[in-house]
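Notes for the one structure printed next.
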């Protein structure tokens, strides 16, 4: 996607010096800090948090 400032238009991977292209834990081409909520709890659920090393939002390990 050449319209994405984080994306190398040839490889569609993060540009040099950038961490990520997109994802719930990616903002302005960088990973969000560990502990940033990426999915708010619903009902009996628990919040999910960014790890600081990935653009993905991992499932809370304490969920049933």
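The backbone N, Cα and C atoms fix where each Cβ goes, and this holds for glycine too.
Residue 29 (disulfide bond) counts 18 other C-beta atoms within 10 Å of its own C-beta, drawing on all protein chains shown. The DSSP secondary structure for residue 29 (disulfide bond) is coil. The annotation disulfide bond is assigned in Swiss-Prot to 6-29 (among others) on the grounds of sequence analysis.
With a cut-off of 8 Å between CB atoms and residues at least 6 apart in sequence, the same chain places 6, 14, 26, 29, 30, 31, 55 near residue 20 (disulfide bond), listed in sequence order. DSSP assigns residue 20 (disulfide bond) to coil, not to a helix or a strand. Positions annotated as disulfide bond by Swiss-Prot, on the basis of sequence analysis: 20-26 (among others).
Per Swiss-Prot, the feature disulfide bond maps to 25-50 (among others); the stated evidence is sequence analysis. In three-state terms derived from DSSP, residue 50 (disulfide bond) belongs to neither a helical nor a strand segment and is classed as coil. A sphere of 10 angstroms centred on the C-beta of residue 50 (disulfide bond) encloses 24 other C-beta atoms.
Here Swiss-Prot flags 38-57 (among others) as disulfide bond, drawing on sequence analysis. Secondary structure at residue 57 (disulfide bond), taken from DSSP and collapsed to helix, strand or coil, is coil. Long-range Cβ contacts of residue 57 (disulfide bond) within its own chain (separation 6+, distance under 8 Å): 23, 24, 25, 38, 39, 48, 49, 50.
On the 0 to 100 pLDDT scale, the domain 'Disintegrin' (1-64) averages 87 in this prediction. Annotation source Swiss-Prot lists domain 'Disintegrin' at 1-64, citing sequence analysis.
Counting every protein chain shown, 20 other Cβ atoms lie within 10 Å of the Cβ of residue 6 (disulfide bond).
When secondary structure is read from DSSP and collapsed to three states, residue 6 (disulfide bond) falls in the coil class.
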